[in-house]
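As recorded in TrEMBL, the features of this protein are as follows:
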type	residues	note
SIGNAL	1-22	signal peptide
REGION	93-120	region 'Disordered'
DOMAIN	133-253	domain 'Sulfocyanin-like C-terminal'
């Protein structure tokens, strides 16, 4: 029954969005598969901006079979061929080579003044993952879903499968700043225990976000870490958690401040 519901949902989603993308994707073998299969979970604008070659597209699309995508090996090849043909590096080079040539302006007269290189703009500072306020006993934690390609995009802050841990002092308030940088929808839920439960239930009141997509506003998840123990910070979308999208989370009576490592 669940498979039937997912299939019906995908068909409804396809019917709603096909018209919007039909003019954006060029005609060709594989276009309907890209719209019907890829668009169910991914933002097509992000997909078509990758400019992968055929080998990398094939490996990328085939990896989606492991994340539950209902796509055959033959369909994988059709999708990869279509994307490589229309959005690969050769397609980009062809578009560039068709740009009309313009006359080269005459070189300006040489200046006798000493040249000074303009100062390079400073790169924006990366947000701090943990900010401690000992006076207010509050920890502000930054959690970004789908940050980079680690674990096929199923990650938080670029980490997956519990390889990193948030630690928070017992009794502190937590303000979790959650956002989505990936191509798939994600959410965040704090669940009790060090093993994935069958049912994802917030361990504390308020300890979960809404499902979001890339570009959505940052959500602030607020809760009090009122019980010491081990927890998991997981994605509540589909099978993302069971496929490794989770971090460890510890509420410790001995910790003096929050940390992420």
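Positions of Cβ are set from backbone N, Cα and C atoms, glycine also.
The domain 'Sulfocyanin-like C-terminal' (133-253) scores a mean pLDDT of 97 in the predicted structure. Residues in the domain 'Sulfocyanin-like C-terminal' (133-253) partition by DSSP class (helix H, G, I; strand E, B; coil) as 4 helix, 50 strand, 67 coil.
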